[in-house]
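Chemist: I am attaching a structure below and will ask some questions about it afterwards.
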Amino acid sequence: MEDLTRERLLEYASRALHSKETKKKNKRETLPMDGFGRHLTAPEFIAAKEEAERLRDEEIADKAKGADDREAAKAAKEQLKEEWEQIKADHAKVVELWEEECARLKDEGVSKKNLPKKPKRARKPKAPAKATTEDETDGDQTGSDDD
């Protein structure tokens, strides 16, 4: 019993220590000090602060772009699903008409081998592959270096 309690306490302490060690740092608190004092009006400090703000703004913009991309992909997937449901419904109607035609032809005495073939369903539409951005395609132009 005592071992079980000790084990649980150890597990709890381990989790608490891990959460403290891996806590996210607030990027607004960490300014480039290099271990020395700095004048907050020094041009180097102001430039470093502006660079940190620019990086933070880029990160926020990337997150927003990612959210927009996910939303667009979700909408495209939903539209493909609707198309697929429509294809299945249309095919079911065509198969029903085919079955009626086959039944009518059988009643007329047409042999089974001369009956029309069952209509095939169209393939399921697939999502288009992710398009590469212009930045990715323009930056990686490789050609011959024969100058």
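Using the three backbone atoms N, Cα and C, a Cβ is placed for every residue, glycine included.
Okay, these came from TrEMBL:
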- 114-127: compositional bias 'Basic residues' (COMPBIAS)
- 134-147: compositional bias 'Acidic residues' (COMPBIAS)
- 15-37: region 'Disordered' (REGION)
- 105-147: region 'Disordered' (REGION)
Chemist: Short question: which residues 6 or more past the ends of the compositional bias 'Basic residues' (114-127) have a Cβ under 8 Å from it?
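Modeler: Answer is 73, 76-77, 80, 83-84, 87-88, 91, 94-95, 98, 101-102, 105-106.
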Chemist: In the compositional bias 'Basic residues' (114-127), how many residues does DSSP put in helix, strand and coil?
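Modeler: Tallying H, G and I as helix, E and B as strand, the rest coil: 1 helix, 0 strand, 13 coil.
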